[in-house]
Each structure stands twice: as structure tokens, then as C-alpha cells.
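Asker: Mind looking over this structure? Questions follow.
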Amino acid sequence: MALKITVIGTGYLGATHAAAMAELGFEVLGLDVVPEKIAMLQRGEAPMFEPGLDELLRKHVAGIEGSSGRLRFTQDWAEVGAFGDVHFLCINTPQKHGEYACDMSYVDSAIASLAPHLTGPALVVGKSTVPVGSADRLARYLADHSPAGADAELAWNPEFLREGFAVQDTLHPDRIVVGVRSERAEKLLREVYATPVAEGTPFVVTDFPTAELVKTSANSFLATKISFINAMAEMCEASGGDVAKLAEAIGYDDRIGRKFLRAGIGFGGGCLPKDIRAFMARAGELGADQALTFLREIDSINMRQRGQMVELAREALGGGPFLGKRVAVLGATFKPDTDDVRDSPALNVAGQIHLQGGQVTVYDPMGMENARRVFPTLGYADTAVEAVRGADVVLHLTEWREFRELDPAALGEAAAVRLILDGRNSLDPVLWRKAGWTYRAMGRPTA
Ligand SMILES: NC(=O)C1=CN([C@@H]2O[C@H](COP(=O)(O)OP(=O)(O)OC[C@H]3O[C@@H](n4cnc5c(N)ncnc54)[C@H](O)[C@@H]3O)[C@@H](O)[C@H]2O)C=CC1
Ligand SMILES: O=C(O)[C@H]1O[C@H](OP(=O)(O)OP(=O)(O)OC[C@H]2O[C@@H](n3ccc(=O)[nH]c3=O)[C@H](O)[C@@H]2O)[C@H](O)[C@@H](O)[C@@H]1O
């Protein structure tokens, strides 16, 4: 009989994981503590914008005409405890307020709610990104707080999906990593992931600390590539070089690779920034000073990029205060193809200029609702052209395809001054300059 799977926490990761598990043929029950999310999911609607997810939900959510009926959602812990053979934890692990460390309270609370309801045999599988050592602590908690007959066991299975590609990444991952303490746990996880493994996805079996560290080091490496290229952008800026050409040229070396070498306002989102900070905090606790010092530099280069963008805008406007200047901001999400504005470099830059007296108007194809909620005092427009109307400078801060397809000539009619700063190094300078715009990007020649 097919395994029964529960997914606890149905946000960006969990909603996708639940739908993907149903697609792989399992009976799935998702749980969240936010009633609005459950209500949306029960209607087959994703609680966020993620390409392809609504379609996958509608294909499987029970009660929707023509669906497989394999996917249901609930708020009832007893139902979840009794339902599953494998319980995936997809709970948020944000940065603690005012500290670098990871806030594990949401995961702790979810395990505390689940444990007493488990019926055996039950495998609880952590997917959240956590500080190394957490799985060991949670395994002990589970052993102490689940009913004896439940035979409950913990495994750790970090997730590597990217927002914007979440469905594809979940169904066809680069690799599957599992931290396990028994053959039973490994066997169950091999059963869960039999389809991608049969398609050739590597299945890496390891211990708890390694599984936890694989996740945080993978994100740290990605962050390192971005901060490296941003440091090179500074060198290019100082010497007249072109960081886009430099990235292309070094990227042809297979050992370096071309991905994650786009210079600009740096990385944001609900993961990379908080994950490297949590890694730093944990490195500090463990006395791993090299790791701490190294990651601190990656983080500070990244945060500096946002300030650099503000200074570039100030300089382009002739220096001095932003007071009375009209600034159009294209992009609010932390990257394209998502509505996620968590720790968004674009909103951060927009906010800094606004707080310094600039009259900022933001437009984003998908992130307007979330941006308005977290930054209600910024100005917002319904289209790119409206945002640009009367602007003294245009900042391109999230590289949506819609912005690459804009007609610079038409936009020029709306702007007061044809001045564009490309914070994502992804517009075509030739096209914009041809239409009479002054185009500037960090680490690129001025003309
Ligand atoms: N968003 C992403 O692309 C990826 C996220 N991750 C990791 O996955 C974890 C989850 O991240 P997201 O999905 O982005 O966060 P999220 O905030 O979108 O989703 C977390 C969900 O857990 C729910 N929740 C909180 N406390 C709960 C409790 N006690 N019981 C049941 N549900 C509870 C929340 O209501 C929320 O819906 C984090 O550790 C993150 O670092 C890992 C890889 C990719
Ligand atoms: O742990 C997580 O949650 C996830 O974090 C990242 O995924 P994601 O946050 O969706 O976004 P990325 O595509 O990695 O982009 C992160 C940030 O880096 C920026 N970036 C990316 C690439 C680049 O060349 N330059 C650059 O500034 C993006 O604009 C964005 O702000 C990782 O890529 C995933 O593998 C991981 O699972």
C-alpha cells in the first residue's frame, strides 16, 4: 500500500512539498496553524505566488472536480498524528529579533503539538533549515514525548528548492540528502523518493549533523559566489572594468561556472541572508572562528551593496539629499517569479531613499500586496509606466522579465529625466542608451 504522508507547515516549502508528494502518488494530509492558508489550500489555491503550484494543487486537492483526491488539508493535530507513516516538518526558522541566531521556537512548538498524537510506527522528517545540533535535540524530545507505542523516530532531509522553480525543483531535485539513524528511516525515505531516484537523482545518506550542515553550507556557498562577484564589481568600478564581461569570462571555466555571478544589489529573501547569519551564530557557539569570520564578510559585502545602490542614486541625481526628488523603483520582490518580499534588497533600497526624503513610487508585477503590507508608507503604482511618470531617476531593482521587455522609448516619454540605474545588471545598456537614456550599473563602464 502507498505510504501516507503528512506535511506540517504549508508555506512556501510545505505547500509545494505537499502537492509534489501527491503528484508522486502518495496520500497526503497538510496542516498549518494559519486558518486562512488552510482554507485557500482546500480550495486548491496556493497561499503565495509560485509558478505551476495552483495547477498542481487543483490536480490533487480532494473535492475539486477531476482531481486525484489524494491531497487534503486540516488544522487537526490528532488527525495528522493518526494519518501518516511519514510526517514532514516544513516550519519557518526565521532570524531571531535583534540577533543573528535562528529562532527555533516555531519548530519546537510544532513538534510539541505533533508528538503526543503520533500513532506508530511514525517517521518524523525535518525539512526546515536549522542550526547544526537541532536534529539531535529534537530526536531526544520526540523520544521523550511521543506515546511508547508510536515507535517514533526522527530523520533530517534538508530542502534545496528555489522559489520561482519550487515545483520543478521538488519533483526533479539535483540531489536528495537524508540524515538517518536507522535502516528503517533510510528505507522509508528511499520509498518516498523512489521516483526521482529512479530518474537518476543522487541519494546521499548521512548522519544528522552532516545533513544539517549540507544545507547551510550550500546556501553559504551560493551567498559567497554573489558576494565575491560584488567585490569584483567594486574593483571594476574603481578601475573602469566591466563586471558583466568579467563574470562571463571567468564563468566559462567549468570549475567556477557561470551561475550565481550576477553582480548588483545582492541577495535577499527568506533564506540566504538569515541562513548565513544563523550559521555564523552557530559557528560562534561552537568556536569555529574561521567559519564565523568568513561568513561575516559575505554578509557585510552583501549589505553594503544596498547602501552602494542608494549612493549611486544620490550621485546620479547630482549629490546631496533626496528631498524633492522623484524616484521610480521597478521591483519589490527579492527576486523575480515570486511574490516574496522577505528581506528584499529592492524594498530595502526603496525604503532607505524614502526615509531620506525621496518621493519613491514602486511597481512590481507580483509583489505589490506583500510590499504594501510590509512598507505601507512607500508610494505604489499599478504599472511600470505609472511608476516612472515624472521620475527624476528610475531604479531597476528586481529583474522581472516584464522589465526586460519594456520599451525604453515609451518609458522615456513618461520620465522627467531619462536616467536609469540597473541594480540587477540585467537590462541591455545598448537598447536604453539608444533610446536616449543614461544607463548606469555598479561595476560597469559609464558609456
Ligand atoms: N522558501 C524556500 O524556498 C525554502 C525554505 N526552506 C526552509 O524551509 C522552512 C520553511 O520555510 P518557508 O516555507 O519559506 O516558510 P513559511 O513561513 O512560508 O512557511 C512556514 C509555515 O509553517 C507554519 N507554522 C508555523 N508554526 C507552526 C506550527 N507550530 N505548527 C504548524 N505550522 C506552523 C506557518 O504558518 C507557515 O505557513 C525554513 O526553515 C526555510 O529556511 C528550505 C528551502 C527552500
Ligand atoms: O534555502 C532556501 O530557501 C533556498 O535559498 C535559495 O533560493 P531562493 O532564496 O529561492 O533564491 P535564489 O535564486 O538563490 O536567489 C537568492 C538571492 O540571490 C540573488 N542573486 C542570485 C544570483 C546572482 O547571481 N546574483 C544575485 O544577487 C537573487 O536576486 C536573490 O535575491 C537557494 O538557491 C535554494 O537552493 C535554497 O533551497
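Quick reminder: no glycine exception, Cβ is built from N, Cα and C everywhere.
Residues or ranges marked as NAD(+) binding site in TrEMBL: ASP32, LYS37, THR93, THR129, GLU163, LYS274, ARG342. The feature substrate binding site is assigned by TrEMBL to PHE160, LEU161, ARG162, GLU163, LYS215, PHE260, LEU261, ARG262, ALA263, GLY264, GLY268, LYS335. The annotation active site, nucleophile is assigned in TrEMBL to CYS271. Sequence annotations record features per position, and here TrEMBL assigns domain 'UDP-glucose/GDP-mannose dehydrogenase C-terminal' to 328-429.
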Asker: 10 Å Cβ neighbour count around THR129 (NAD(+) binding site)?
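Answerer: Total other Cβ atoms inside 10 Å, all chains included: 24.
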Asker: Would you mind splitting the domain 'UDP-glucose/GDP-mannose dehydrogenase C-terminal' (328-429) into helix, strand and coil residue counts from DSSP?
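Answerer: Grouping H, G, I as helix and E, B as strand yields 35 helix, 18 strand, 49 coil.
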Asker: Got a sec? Which of GLU163, ALA263, GLY268, LYS274, ARG342, the binding-site residues, have CB under 6 Å of any ligand 1 atom?
Answerer: GLU163
Asker: Can you tell me which binding-site residues out of LYS37, THR93, LYS274, ARG342 are within 10 A of GLY268 (substrate binding site) by Cα, answering none if there aren't any?
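Answerer: The binding-site residues passing the 10 Å Cα test are LYS274, ARG342.
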Asker: Write out the long-range same-chain contacts of CYS271 (active site, nucleophile), meaning residues 6 or more apart in sequence whose Cβ is under 8 Å from its Cβ.
Answerer: THR129, ASN219
Asker: Of PHE160, LYS215, ALA263, GLY268, listed as binding-site residues, which ones have a Cβ less than 6 Å away from ligand 2?
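Answerer: If the test is a Cβ under 6 Å from any atom of ligand 2, the answer is PHE160, GLY268.
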Asker: Determine the C-alpha span of the NAD(+) site listed in the record, that is the greatest distance between any two of ASP32, LYS37, THR93, THR129, GLU163, LYS274, ARG342, in Å to the nearest whole number.
Answerer: 24
Asker: Determine the Cβ neighbour count for ARG162 (substrate binding site): the number of other Cβ atoms within 10 Å of its Cβ.
Answerer: 14
Asker: Find the longest CA to CA distance in the recorded substrate-binding set PHE160, LEU161, ARG162, GLU163, LYS215, PHE260, LEU261, ARG262, ALA263, GLY264, GLY268, LYS335; express it in Å as a whole number.
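Answerer: The substrate-binding residues span at most 25 Å between Cα atoms.
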